[in-house]
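Beneath this line is the structure, given in structure tokens, with notes to follow.
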Amino acid sequence: MSGYLIRRLVTMPFLILGIITITFFLSRVTKGDPLTAIISEQQMSNPEVVAAAKQRWGLDLSLPEQYLVYTGKLLTGDLGTSFTTKRPVLQDLLERLPATLELVIAAMIIGTVLGIALGVLAAYYRNGWLDHGSRLFALVGSSLPVFWSGLGLLFIFSVQLGWLPGPGRLDARLQPPPMITGMITLDTLLAGDLAAFVDALHHLILPAFVLGWTVTGTISRLVRANMLEVLNQEYVLTARAKGAGELRVLLHHALRNTLVPTLTVIGHSFAYLITGAVLTETIFAWPGMGSYAVEAARALDYPAIIGVTVVGGVTFLVTNLLTDIAYMLANPRIRLS
Amino acid sequence: MLKHQDKSLLSVRNLTVGFQVGGVTLDAVRGIDLDVARGEVVGVVGESGSGKSVAMLACLGLVPRTARVAGSVRFQDKELVGMPQSEMRKLRGSRIGMIFQDPLSSLNPVLTIGSQIVEAIRLHQPGISRKQAYDRAVELLDLVSIPQPDRRVSQYPHEFSGGMRQRAMIAMAVANGPDLLIADEPTTALDVTVQAQVLEVLKSLRDRLGLGIVLITHDLGVVAGNVDRVAVIYSGRVVEAAEVGALFRDPRHPYTRGLLSSIPKLDEKRERLFSIEGTPPPLGRRPTGCAFHPRCIYAREVCLKEEPALRLAGASLSACHFADSLEQMPVHQAAAGPETTEVHQ
């Protein structure tokens, strides 16, 4: 098992280099001129300014040269400077990533807990109203576009009922906490500012639910199907014959066996949401990775595009690795060597 | 053989189990009587689908919620039919243990053998610490002759062989010192040599703990030499019940005779094994009269009309119209005694 993990860790840098190379050349062959993001429109007709800008941002070099310069800098941890924000990409990412992580982690907690609970109940009360209800809930969650469900829920809970705040991460009247982790809920707690923490949590509920709802369906259907299979297994009968109560049979004996295939889906959903939460971030004015990626792509901001891709790629690889580890821990029959 | 007997431990009377299928109730078990005394091993024999397993599961309330269970099951003066699940749970795994056919699928693959035994102990004795229960699990594995129990206890089911898994299941079933053990085809999925070991373990537990055991099997070979009394079940009813010696010496039901004739014997040269013609009737299409008549070579007019009651014939209780005259009728082959049938399969 440890040999397998070491091999995975060793191959990881090469995979990331591969991702960077592909993204680098793909973004360069895209039609469009990144200079429009760097200099104003009037100056685009001034050849001197254009040439100076090209030189300043390294765009006068040939493509292979640009690639070598970029990867060379990358080895020192320099992801380049964004054309649009004119700041180091690394710094941009370090600000954006925690916001997204906060949102996605909360969304995955909601999605996973809800998905597993609904899946277990649906399997136990198969063909009952709970089963049909959870199927409908899951279907709506995975088929409604986020911009629709997000706006709809904002309208109901924020505008009409006034139970939850509108878009944003923190009330404008509150003092943002000093940045430690970049996740506002954590930072407010670390700063001991309980009022700000409660407010940040309130801001987090709606976007996290909207995002979590999209994965609830996948997880609950998977858990239900696996659970139905597991509940027919003889060891469930054994557990009942031992005198175990229904709750114990469901959670201790059946769910554990169901979780193994579910872990994969949870891992993939998490990795996908890190860069795939654009719409949710846009609607809830959440300054995360998704919106950064869209701005970067729109402006052909090469360093930012690659930066986002690297973060996405690394998240995917790390999540896959963690999923594999969890898989082995949950299933003693798997012994990879 | 019957020296351990004192008073009745389990007393089943007129047990009926029905399942709702498309608006009709189909009875899988139709009025079974069965008695088990402390220290006694009772064999319940029948083909797949005869209702033998369903009957025993129903005794423990382990049939689906939709099943309809009627009749009476008395266990140590408690009525089990209609007992609330919460009460029943206290008996299951503590006073009554149960083991199943396939020891691989009856153990939870993601939990260690030890933790599954510890669970069985602590479910019924919550006062016992995890450490104490764990030590007890090691003792139990030793009791069922598992070598190196202190190492084996922390292994997973897939690291055990088939025979060891079944012994671990037995250890788990007797963890709380039950009075009754129901073994549902405990040897069917095992090799013949391993079968003998598992049966040995069961018998030694009976002797040491004074357990009453119900041994459900489709194999009369397993019954011979391992049980005290036998109930033969066909199509949801007991068709013959007798002490094991009497059953093998003088079977009083054509079905029992057929089963005995189909046991291959080492001291005989035969081209083909004997088999009873036909198959057991499906639930919804049970024949009129005696359920066995379509497959019975002795069947007469009366067998098509009247279902025979269980009554005394010779040393057996038999549900055959011709139980008394069966011995004069032509036989495919003389039924053999238990001495010869112990060499089986």
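Heads up, the Cβ atoms here are built off N, Cα and C, so glycines get one too.
All TrEMBL annotations are machine predictions without curation.
A quick note: this is a predicted structure, and the numbers were derived from the prediction, not measured.
Among the features that TrEMBL reports, transmembrane segment is placed at A:6-26 (among others).
The annotation domain 'ABC transmembrane type-1' is assigned in TrEMBL to A:97-323.
Among the features that TrEMBL reports, transmembrane segment is placed at A:103-125 (among others).
The transmembrane segment annotation in TrEMBL covers A:145-166 (among others).
Residues or ranges marked as transmembrane segment in TrEMBL: A:204-223 (among others). Under 8 Å from some Cβ of the transmembrane segment (A:204-223) lie the Cβ atoms of residues 102-104, 106-112, 114-116, 118-120, 122-123, 134-135, 137-139, 141-142, 144, 146, 149-150, 153-154, 157-158, 164, 169, 185, 258, 261-262, 265-266, 269, 273, 277, 280-281, 283-284, 286, all in the same chain and six or more residues away from its ends.
The transmembrane segment annotation in TrEMBL covers A:258-284 (among others).
Per TrEMBL, transmembrane segment is recorded for A:304-330 (among others).
Counted over residue pairs 6 or more apart, the CB atoms of the transmembrane segment (A:145-166) and the transmembrane segment (A:258-284) come under 8 Å in at least three pairs, which marks the two as touching. Counting residues 6+ beyond its ends, the transmembrane segment (A:6-26) has Cβ neighbours under 8 Å at 63, 67, 70-71, 74, 302, 305-306, 309-310, 313-314, 317, 321, 324 in the same chain.
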